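Participant: Questions regarding the structure given below will be posed in turn.
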Amino acid sequence: PPARYWQEPQDRAIGGNKDGGRPEQQEKQRTHKAKKRKRDEQPRDGKKVISGKFDPFPGPAPVPKDKLQKFKRQDKIQKPRRQHYRLKDIITRSEEASEMAQKQAARFDLLLPEDAGFLEGDEDEDTCMISQEDIADAVDITSGAKYFNLKLSQFGPYRLDYSRTGRHLLLGGRRGHVACVDWQSKQLMCEINVMESINDVKWLHTEHMYAVAQKKWLYIYDSNGIELHCIRTFNDVLRMQFLPYHFLLATASATGFLQYLDVSVGKEVAAISTKTGRLDVMCQNPHNAVVHLGHPNGTVTLWSPNQKEALVKMLCHQGGVRSVAVDKTGTYMITSGMDKKMKVFDVRAFKPLRSYFLPAGASCLSLSQRGLLSAATGDIVQVYRDVWSTPVTKPYMAHRVRGLIWGLHFCPFEDVLGVGHGEGFTSMLVPGAGEPNFDGLDANPYRSAKQRQEWEVKALLEKIQPELITLDPTELAQVDRTTFEQRHRDRVEALGFDPLAKERFVPKFKKKGRSSAGGVERRKKQVAHEDQRVSSYFQGSRQRRPLR
């Protein structure tokens, strides 16, 4: 009968291992086959692959050199020649981290497919002759809705400011009207009347707080229109600028004072008397947080909260300065004056590059993220392209508004220019003005309330101190050898000997237990004390020497 599964076959029980031999030999054969299979699965370059196939492109994917050059931070630091092993190790690790960040940024740049827009006319058609209505009809519905007018003739003219994310708009009328609007969804956040004249309005670090420069003092409000603070030490404020990475609100007053307010702790950081009269022209350099002020005598001065005197004084116009603007790289500065000229300066060399004559002059200037320049002349807004690279003969775009223009501001990350005038507010479409790709960790237009809270906490932890505001931010990573040498000389004069001298006193080795560690240190201190006494004696005798 056939054998069942619980019954052992007779031949296996009697004869044992007929086909396979002993169990030790079978185990060796299995081990040999497993090693051979692992050896076959290994690729030629020695790296393990799960599928067992060879990698035709070993190593990381190459990065194009032009992409690496785009994100290059700075040149390599020269390592010290002497035996500073710890410093060499720190420099090496920082260079490796910088190179890794550079390669990652170059790789992630491929994930940013958005390109900047542009405006192109038909044959023999100037783009400045294309009206806003034609542009709004040609674009999609969402973009066309960004062109609109707000008729606010009762409390004008208006100053305006966009938040850093570009989502929220702040309007301040000369006759006391203040409004916060989510301008993309046309949702009104708050609307108040302060019953006092308003000189300027400015968003703070988030869209939940803003500052209003009223007739007498500076006020801070929240997004619901509730007054949070009245700062009476900041009086007669005319213009304001907010430094986002330093959490500083810079104000220019009618009395000639430039003041800095730290909004994170609510304290005044600096109050500088410029001694140049009324300050109603002001802008900031986004690259190094230096404040530029324009004066009635035609000069532009650069200021930092660390110094009571101006860092730089430039004579820009033969008449008074009407407006100043600086691009985001901190390379170029554009000014307009009473002499009806608009000039472009290279801030690195403090030299003029271009000069343009405008028949009526420009009262307001604003620069976009992509380098477009908007200039207001009466009730006409003109937009120019590449004003610093090539000579410009005609504007890129032009538009006429209903009243006299009082404020201009490009919206971040949008092809929109906000214009505040005597009859209200106008939102213009300017193709190619905004940066198409945004940094989600810095200014995210689509962030939620939770993301905004997390960003605010991290920004406060990473706040830059006002002492670090300088003309050249790259100097912060260098060693100030002049100051070090001066301190070293002062230290040598105070001690009477050079503690960093190469040839120091080396005690002689003595026998019979007289060269113990304590005895050697005692002899070193005694010699140093004698050198100090001798040097102080000669200094005193030099001072007491009678005059002949």
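A Cβ is built for glycine as well, from the same backbone N, Cα and C atoms used for every other residue.
Positions annotated as region 'Disordered' by TrEMBL: 1-82, 508-548. Residues annotated as compositional bias 'Basic and acidic residues' in TrEMBL: 19-29, 39-48, 64-78. The feature repeat 'WD' is assigned by TrEMBL to 314-355. Positions annotated as domain 'BING4 C-terminal' by TrEMBL: 395-473.
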Participant: Mean pLDDT, the domain 'BING4 C-terminal' (395-473)?
Facilitator: 93
Participant: Sort the residues of the domain 'BING4 C-terminal' (395-473) into helix, strand and coil with DSSP and give the three counts.
Facilitator: 17 helix, 22 strand, 40 coil
Participant: May I have the DSSP-based helix, strand and coil counts for the residues of the repeat 'WD' (314-355)?
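Facilitator: Per DSSP, the residues of the repeat 'WD' (314-355) fall into 0 helix, 25 strand, 17 coil.
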